[in-house]
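Asker: First the structure, then my questions, so here it is.
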Amino acid sequence: MYTSERQLSRLRIAYLKAVLSQEIGAFDTELTSGKVISGISKHMSVIQDAIGEKLGHFTSSCSTFFSGIVIAAICCWEVSLLCLVVVPLILMIGATYTKKMNTISTTKMFFHSEATAMIEQTISHIKTVYAFVGESSAMKSFRENMEKQFQISKGEALVKGVGTGMFQTVSFCSWALIVWVGAVVVTAGRAKGGNIIAAVMSILFGAISITYAAPDMQIFNQAKAAGYEVFQVIQRKPLISNEAQGRKVTEITGDIELRDVYFTYPSRPEKPILQGLSLSIPAGRTVALVGSSGCGKSTVISLVNRFYDPARGEVFIDGHNIKDLDLKFLRSNIGLVSQEPSLFAGTIKDNLKVGKMDADDQEIQKAAEMSNAHTFVSQLPNQYLTEVGQRGVQLSGGQKQRIAIARAILKNPPILLLDEATSALDTESEKLVQEALETAMQGRTVILIAHRLSTVVNADMIAVVENGQVVETGTHQNLLDKSDFYRALYSMQNLEAAPESSTTISKSKSTHQGDSTDEAKLSEKQRETQINPMEDSELKGQETRKRNIFFRIWFGLKPREMAKIAFGSAAAAFSGVSKPVFGYCIITIGVAYFDPDAKRKVGYYSAFFSAIGLLSLLSNTIQHYFYGVVGEKAMANFRHALYKGVLRNEVGWFDRSDNTVGSLTSRIISDTALVKIIIADRMAVIVQCISSILIATGVSMYVDWRMALVAWAVMPCHFIGGLIQAKSAKGFSGDYAASHSELVALASESAANIRTIASFCHEEHVIMKAKTSQEIPMRKYRNESIKYGIVQGFSLCLWNIAHAVALWYTTILVERRQATFKNGIRAYQIFSLTVPSITELYTLIPTVISAINVLTPAFQTLDRKTEIEPDTQDDSQPERILGEVKFEHVKFNYPSRPAVTVLDNFSLQIEAGSKVAFVGPSGAGKSSVLALILRFYDPGAGMVSIDGRDIRGYNLRWLRTQIGLVQQEPLLFNCSIRDNICYGHNGASESEIVEVAREANIHEFVSNLPDGYNTVVGEKGCQLSGGQKQRIAIARTLLKKPAILLLDEATSALDAESERTIVSALKAINLKEDSGLCSRTTQITVAHRLSTVINSDTIIVMDKGKIVEMGSHSTLITTGEGLYSRLFKLQSFDESS
């Protein structure tokens, strides 16, 4: 047991190390997060089961079998010779069975990985799923996958039943032949009856052992398929290796040159990205790349970082081809800040130290101050020790971006790559960070990508990239003079030239902070809710009675499934009956060898054995097929119910540290697999064992009641041993299972953030973290294994004592003539053949108990009562909402950070059809306002209402169909562009899809792809640029035609031309009714680019969870010294140029 855990610990680390050593292109095509999670959880679990207890059991069984053959050969070589005839036949059946099962297992592994990827994708995109009411779509896809697995499992159950039945048939027919040959040998006088009995009994016990080894073969087949998937990754040679094999020069100065570079992404080889791009960047210079989305700017950064190699052309640094340089050395000299910041679960300090693992607190604080992150970090209760949550979920987009910038600054590299590094920052933060970056950029070579030209005007050189080539270069002023393209970009973004909206009467009203209102429909007392994330009701909902879990695993089975269980149980009972009956017959045959008419009597029993063999084929087929089908159905039902239960929980539940993407995915996929194991594998055998024990008791009582009573008198020895084993088995669950969830979460996070890990050469730290996570459970497992081994030995000791007592008492009965030798030995043999069933029963009990312990968290998740019910009944539900939104004295804290107040006594009214924009520094609470409108969270105090009605009174899923959301970080699903646009609106026609794609300025790009709208975007949209993903996300929202449109930095990833097109499209959105009337959509925008909000009816300036200014653009700009006016001036090109 301990050895298997040690081996698996090494294998898990080797697997994770192999994953982290692969080139980035592998994650675009092969190594999805789902596959990584499946590999390190489900596949490893199967392998451990095979090389642990099952391998030991199989080795012991084979040893007993071959020992029996040797002893039989010594006693009577003619009888043992028959085994040479039988064994090849059994091996042939086994080979055919193994081949069939391997094929089925491989196919199931594929669908299993696909299901894992579905769940991982849905949970990691949970806000998008909820916002677009995609739960039913996710459940439908998962249900279809489960149905495919179910159909495959039906074939698997049939093959298993027929295979096992054939094995039993051949075994019984072989016994018929062996005992008949023994009779012939005895009749011919070539051997004595005693020798034949000894030979037959030796073969018997060997055969029993090999029979009990048959289930182990099934586990080995599954492990073989799982091992193939695991070692396929471990043995895969990366196209770009990070092993130390290249040159390490003394110093990197930063001279960069790309010579005639051609490149296509591995996942889309038919779509060229770079087409002969050449660019030379002298050391210490700052070069900015500008151009439309998808033109190849970010690809240049990926090639310099050597995430990919060009198809043609070369990339040089300091005159060295980067292919000749050591990869880790190269990346250690390059700092990267990506458009979508990737943070790791842990503290802010941990994330900053990714840039420099040996950095002290002073260095960390200095880097944070340079990135303008120190201010908000120092205001947190735990400051730099604040947990950011998985993928930084506890921080706003701007806060995450500043942490990422600080991380890159801390690295202090000679080459700095900034891919839209300040796109998520508010104007004031951007100015401060930009100044810090300009200081940090001094003496470094910098490649800067930005759509905001305000961030590139001071670059030493600006390169205009179009269609994969550099078409123009020059300084900002030079390009304004000679480049029509650049001049057009500049004109679009010049705020001083933008038409200012005329002064309008605000359609939005704000009540003063702290004022009371007569319009409140609920008293403050009624509206107050506890900020504490762990409600008493939730605690009650999580109280799962473990004693009932066994009965609950038969989840959702219908009467016809229970009927199948009844038939399967009857077949299993017959299989169990065959054992004591066989024991009775074999001794009768042994006695018959001393009879002169041995050949005739033994011939009768030989025919009887053949009949039992044929019936065993039928019974095993029925047993394994019905139990297998029902077990798969119960597992699928439970998985479906658990997945559905997970998707009913509020967003705050997913923010908790114990509900990471990896742990929840493992809970839904790996833990629920135990349901099938218990039903299909364990229950059938338990029925067999019980049947054997009951029939053996009855037959032995009939043969000799005294011997039967003695057999039952020593039965407590087996009971005691079994109970001790069961108690010892508990040590292998609980904390041990939780520790592997931690490793699964780490692997999932690593696969999702692989670019960040590769860029910062963070692989070794991840491996060390993985090893550390295994240390405590390894020590625990070692101690539990020692105890389990002692208990196992003690149990076997009791088993032998029981045999010795039974055999000794048999001799006493015969000696006292209270029983004949024939009946005494019959009763003993029946007892002997039944003891393995008793032993197996006690072996199964601990595994079932362990499985129930592992399933407990899954049932707690299923039983949990969500704090925000998505399916409340609403009899007064309107046909649509008008779009009036009102906040009344709202106080809000995120459940994961109850000590930090995000919104403080916040009051605001937004009229239906108005256009309202929120601006202000990062972390001011702007995005939290949108989250409350979508009811991702409920306020701690106060009320949010829509159309004068508390949003808690609406059916939540219906309400979300009325609200559209475009997030700051566009999240796409691993399916086609068409499916992503239609997400949450599956009934859309092709013309509607094309129409919204045109409005989002993405249609032309999609039409030029080889597969058009059928192009798969890859995991998290990895096949598309940031701007392309954002435009698809916008098209998805436009198709929804919402009454309320929420735009959270919707255009931050777009180039200027696309942004202007999108802004124009958003202005024209109307909600059309069947009556032909139109009402304006309420648009609520969060933006840092003021060019996107100047035409709003009302602009709300927020700071520290409160409204500090409010009015139209023209009104706010005339105040002179307000926060909005200051932000506006910071973005004015007239000042910057």
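Heads up, the Cβ atoms here are built off N, Cα and C, so glycines get one too.
The shown structure was predicted, so the numbers you read here are calculated from the model rather than taken from an experiment.
So TrEMBL lists these for the protein:
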- 1-222: domain 'ABC transmembrane type-1' (DOMAIN)
- 65-91: transmembrane segment (TRANSMEM)
- 170-189: transmembrane segment (TRANSMEM)
- 195-214: transmembrane segment (TRANSMEM)
- 256-492: domain 'ABC transporter' (DOMAIN)
- 500-541: region 'Disordered' (REGION)
- 518-528: compositional bias 'Basic and acidic residues' (COMPBIAS)
- 565-594: transmembrane segment (TRANSMEM)
- 566-850: domain 'ABC transmembrane type-1' (DOMAIN)
- 606-630: transmembrane segment (TRANSMEM)
- 683-703: transmembrane segment (TRANSMEM)
- 709-726: transmembrane segment (TRANSMEM)
- 788-809: transmembrane segment (TRANSMEM)
- 885-1129: domain 'ABC transporter' (DOMAIN)
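Could you give the neighbours, burial and distances for every feature on this list?
Answerer: Long-range neighbours of the transmembrane segment (65-91) within the same chain, counting only residues 6 or more positions beyond its ends whose Cβ lies under 8 Å from a Cβ of the stretch, are 167, 170-171, 174, 177-178, 181-182, 185, 190-191, 195-196, 198-200, 202-207, 209-210, 213.
For the transmembrane segment (170-189), the list of distant contacts is 76, 78-79, 82, 86, 89-90, 93, 196, 199-200, 203, 207, 211, 578, 582, 586, 589, 592-593, 598-599, 601-603, 605-607, 609-610, 612-613, 616: same-chain residues at least six beyond its ends, Cβ to Cβ under 8 Å.
Remote same-chain partners of the transmembrane segment (565-594), defined as residues 6 or more beyond its termini with a Cβ less than 8 Å from a stretch Cβ, comprise 168, 172, 175, 179, 182-183, 186, 193, 196-197, 200-201, 204, 557, 601-602, 605, 608-609, 612, 615-616, 618-627, 630, 684-685, 687-692, 695-696, 699-700, 703, 822, 825-826, 829-830, 832-834, 837.
Beyond its flanks by at least six residues, the transmembrane segment (683-703) meets 215, 568-569, 572-577, 579-581, 583-584, 623-624, 627, 631, 711-712, 823, 826-827, 830-831, 833-834, 837-838, 840-841, 844 of its own chain at Cβ-Cβ distances under 8 Å.
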Asker: I need to check the long-range neighbours of the transmembrane segment (606-630): which residues 6 or more away from its ends have a CB within less than 8 Å of a CB in the stretch?
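Answerer: Distant Cβ neighbours of the transmembrane segment (606-630) are 153-154, 156-158, 160-162, 164-166, 168-173, 175-177, 179-180, 557, 561, 564-565, 567-568, 570-572, 574-575, 578, 581-582, 585, 679-680, 683-684.
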Asker: Along the domain 'ABC transporter' (256-492), what average pLDDT does this model show?
Answerer: 80
